[in-house]
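This is the structure I have questions about; it appears just below.
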Amino acid sequence: MAANTPHDPSSPGHVPVMRQRMVELVGIGVTAGSAPAQPIIVDGTLGAGGHTEAFLEAYPNAIVIGLDRDPNALAEARARLERFGQRFFSYQTRFDGIGEALEHFSEDPDFPVDIREQGISGFLFDLGVSSMQLDQEDRGFAYRVDAPLDMRMDPSSRLTAAEILNTYEHGELARILKRYGDEKFAGKIASAVIREREKQPFENSARLVDLLYATIPAAARRTGGHPAKRTFQALRIEVNAELESLELVIPAAFSWLRVDGAGVFMSYQSLEDKIVKQQLKGMTESSTPPGLPVELPGTEPEFELLTRGAEKASEQEIAENSRSAPVRVRAARRIGAHASGAGGPRYPLVSTH
């Protein structure tokens with residue numbers, strides 16, 4: 001797809017990953033007996049709007065708020081979802097800005113319900129770079145085409161991949177390649193980058209890809225996929241502060257969830273999945289000290305897991321949509337709430353059973 005070609009949400013590359021399963025998981029709180037008349041769903045990574053469209057079609061009484069930091073994605077999703085009228089609202093923010101977005105709509109007199117009173121009934125965060133961004137060649141996310149080393153999900157943000165390559169010290173560059181890309185040759189690549197940038201600053205992706213081919217040993221290039229994959233992933237995560245955002249958004253999103261509401265995360269690489277797994281584990285376990293024969297009052301978990309381990313796409317879906325192959329899905333629902341305060345839910349979201 002050319003860089004200036006309008007995005008086609010209906011093309012095969014833009015089929016929402018695990019579409020029906022996301023409808024089922026997010027819908028647990030929407031269809032619960034305690035659900036309000038107009039339940040609210042938050043799509044924290046709106047992208048092209050495929051998952052949001054599925055939610056709006058499946059649950060005719062639901063309202064969906066879509067968040068995205070990319071203004072191009074927001075514009076295309078708004079056009080795609082215009083037919084749903086006042087059932088779809090959008091807001092530009094990094095996904096850990098969910099609280100800011102919900103506060104905004106709480107103050108909006110045109111929003112149909114009181115979010116502070118009602119809370120949200122479900123949310124989805126489909127992490128990583130979107131199919132739309134990968135297919136927009138001038139964004140610099142894809143290593144198979146030559147493009148400016150940008151990689152910003154929000155074009156108004158400052159830091160680019162080129163700036164990282166041209167300004168980071170050796171130790172910091174090696175650290176992000178190792179931590180965010182699990183790159184075994186991080187130190188060697190960092191040395192090569194610093195040596196080459198002294199000749200000429202990095203601007204385009206093809207030069208970086210050539211450097212990686214020249215730096216990574218031939219035996220290592222024959223396994224583990226494209227030799228640029230890990231470095232490009234690491235740069236993208238650093239540019240967009242993806243892991244920091246994820247660590248912040250998990251407690252923030254669950255704090256707005258009403259009783260019986262479900263929260264879902266779709267991860268595409270091990271660092272994301274590890275963060276989600278660890279935080280959900282802590283949220284769904286009792287805080288009673290180990291060794292006591294009974295659970296102490298007030299220490300019972302507020303949430304329970306909806307997935308056993310991490311769910312994956314089916315073999316059939318992977319065959320039809322290769323971008324679903326790495327996905328790992330984890331979900332939890334709120335089963336109780338204690339009084340608002342330190343460490344507690346922001347609002348008294350009590351079931352109406």
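Any Cβ shown, glycine's included, is placed from N, Cα and C.
Swiss-Prot lists these features:
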BINDING   GLY49, GLY50, HIS51, ASP68, PHE95, ASP126, GLN133  S-adenosyl-L-methionine binding site
Tell me which of the binding-site residues ASP68, ASP126 sits in the most Cβ-dense spot, judged by other Cβ atoms within 10 Å.
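Answer returned by the neighbour count: ASP68.
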Take the Cβ of HIS51 (S-adenosyl-L-methionine binding site) and count every other Cβ within 10 Å, whichever protein chain it belongs to.
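Result for HIS51 (S-adenosyl-L-methionine binding site): 26 other Cβ atoms within 10 Å.
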Counting other Cβ atoms within 10 Å of each Cβ, which of the binding-site residues GLY49, GLY50 scores lowest?
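Per-residue Cβ counts within 10 Å for the binding-site residues GLY49, GLY50 bottom out at GLY50.
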